[in-house]
Amino acid sequence: MESGAGITNQRHAVVLKDSSWFGQFRNGFNPWMARYVYGLIFLFANLLAWAARDYGRGASKTMERLKVCAGKSDCSGAEGVLRVSLGCFIFYMIMFLSTVGTSKLHDCRDAWHSGWWTAKIILWIASTIITFLVPSAFIQIYGEIAHFGAGVFLLIQLISVISFIRWLNDCCQSEKNAERCHIHAMLIATTSYVVCIVGVILMYIWYAPEPSCLLNIFFITWTLVLLQLMTSASLHPNVNAGFLTPGLMGLYVVFLCWCAIRSEPAGESCNRKAEASRRTDWLTIISFIVALLAIVIATFSTGIDSKCFQFRKGDTQAEDDVPYGYGFFHFVFATGAMYFAMLLIGWNTHHIIEKWTIDVGWTSAWVRVVNEWLAVCVYLWMLGAPILLKIKQAAEPV
């Protein structure tokens, strides 16, 4: 068995060294190239869901004749998004179940993950088509489950972002890079705090122009309080995490607060920019496209970050180990399929959303707000958990 694995590894190394990127992709020997193909499939699913929502009204008559929509006139609206999302979810769950636990490059599941593209594209198309033949009641049940799946995706993304910020801070504070990165770390931290303060001021100007805008004032002020809380916790003598991590986390929570207020529906006197965004112009279209690409990029970057969820951090990676967790990668994309559905329908399966809009509605706004508060809680827990563990160990009798 060892000699067979060695021959396979040698062939794998030769192909990676001598073949072009197309040859590696065709022969299924490049898991790094495979990531981008899965990302493209996910992007096409997003575009198809958007088309079903905004331009699929004519298909509702056909669906009604097939007695799939149960007499509903908005079958190709929110329900169309959920059907496309379900097809994408089924595809990535099949990939998850067939690749989870893959650890070596010479495993046959590695070839399945990195190759067989014709079969997998057919599988994705078939999964999407089948969902349009499913009764409407089942789609509504999936829509309720998708709320939970999208929440799982947000939690995974949140942990990934915080882990990256802490990893960056640990690299800058290590003995090897401390002197070289000290100035850069202070510059990044200072810039982060300046951007946070400017962002908070602009949100007060744009989204709280009147004293009656109590909810927006509360969101913005509480974000400022959370920023101060993270800074104080990071500078505590027992933590001593410096200014870099709370500064970058501040950028993240200010961004989430801005997204939450931007998600408030148009017509509110405290959100005049939302009212202006109802006009379909080039800026609205560009903003929608950027938001759609941001979903794909966020899913892609989170999917390859399986190391932040490993409990044993000191394990070294062998040459024949897979470069990233295939099962985790596909699981993130599966939950991401639920996430993009929730964004396109405003987290409300009965909500009619305007064209060229994404993640709009009071439900969307509160999801963002809760996500912001949860981010701070997870960050504070990551800072305090090691200290609490040390205190517990010190209190235990020897």
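Each residue, glycine too, has its Cβ placed from N, Cα and C.
Long-range neighbours of the transmembrane segment (33-52) within the same chain, counting only residues 6 or more positions beyond its ends whose Cβ lies under 8 Å from a Cβ of the stretch, are 21, 24-25, 59, 76-77, 80-81, 83-85, 87-88, 91, 95, 113-115, 117, 121, 124, 128, 292-293, 295-296, 299-300, 303-304, 324, 329-330, 333, 336-337, 340-341, 344. According to TrEMBL, the transmembrane segment annotation covers 33-52 (among others).
Marked as transmembrane segment by TrEMBL: 81-101 (among others).
The transmembrane segment annotation in TrEMBL covers 121-138 (among others).
According to TrEMBL, the transmembrane segment annotation covers 145-165 (among others).
Residues 169, 172-173, 213, 216-217, 220, 223-224, 227, 242-244, 247-248, 250-251, 254-255, 257-258, 261, 270-273 of the same chain sit 6 or more residues outside the transmembrane segment (185-207) yet have a Cβ under 8 Å from a Cβ within it. Residues or ranges marked as transmembrane segment by TrEMBL: 185-207 (among others).
The annotation transmembrane segment is assigned in TrEMBL to 214-235 (among others).
The transmembrane segment annotation in TrEMBL covers 241-261 (among others). Among residues of the same chain six or more beyond the transmembrane segment (241-261), those with a C-beta under 8 A of the stretch's C-beta atoms are 161-162, 165-166, 168-169, 172-173, 185-186, 188-193, 195-196, 199-200, 203, 207, 216, 219-220, 223, 226-227, 230-231, 233-235, 271, 359, 365-366, 368-369, 371-372, 375-376, 379, 383.
The feature transmembrane segment is assigned by TrEMBL to 282-304 (among others).
Long-range contacts of the transmembrane segment (324-348) within the same chain, counting only residues at least 6 positions beyond its ends with a Cβ under 8 Å from a Cβ of the stretch, are 31, 35, 38, 42, 45-46, 49-50, 53, 78, 81-82, 84-86, 88-89, 92-93, 95-96, 99-102, 109-110, 113, 143, 145-147, 149-150, 152-154, 156, 263, 291, 295, 298-299, 302-304, 306-307, 309, 358-361, 363-364, 367. Here TrEMBL flags 324-348 (among others) as transmembrane segment.
Sequence annotations record features per position, and here TrEMBL assigns transmembrane segment to 369-389 (among others). Counting only same-chain residues 6+ beyond the ends of the transmembrane segment (369-389), those with a CB under 8 A from a CB of the stretch are 154-155, 158-159, 161-162, 166, 219, 223, 226, 229-230, 233-234, 238-239, 241, 245, 249, 252-253, 256-257, 260.
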Within-chain partners of the transmembrane segment (145-165) [C-beta distance under 8 Å, separation at least 6 from its ends]: 82, 85, 89, 244-245, 248-249, 252, 298-299, 301-302, 305, 308-309, 332, 334-339, 341-342, 347, 367, 371, 374-375, 378-379, 382
